[in-house]
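The annotation Zn(2+) binding site is assigned in Swiss-Prot to Cys24, Cys27, Cys40, Cys43 on the grounds of sequence analysis.
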Amino acid sequence: MAKKALVNKAAGKPRFAVRAYTRCSKCGRPRAVYRKFGLCRICLREMAHAGELPGVQKSSW
């Protein structure tokens, strides 16, 4: 889990727009966040396997 202080810091509006960065909305992880879902790769995978993301399915070919 991410530190609560850093999650709160990222939630606020920065003084300069380039300082803004994405965090996972579920766990607060700052890296590997998919903008479309607002989730990190780990939470995205867990939720997709559990069927909690509509329209997302495991690919097979």
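Keep in mind that glycine also has a Cβ here, set from the backbone N, Cα and C atoms.
A 10 Å cutoff on Cβ-Cβ distances gives Cys27 (Zn(2+) binding site) a total of 14 other Cβ atoms nearby, all chains included. Excluding the listed site residues Cys24, Cys27, Cys40, Cys43, the same chain places Arg23, Ser25, Lys26, Gly28, Arg29, Val33, Leu39, Arg41, Ile42, Leu44 with Cβ atoms within 8 Å of the centre of the Zn(2+) site Cβ atoms.
Cβ neighbour count for Cys24 (Zn(2+) binding site): 22 (other Cβ atoms within 10 Å of its Cβ, all protein chains included).
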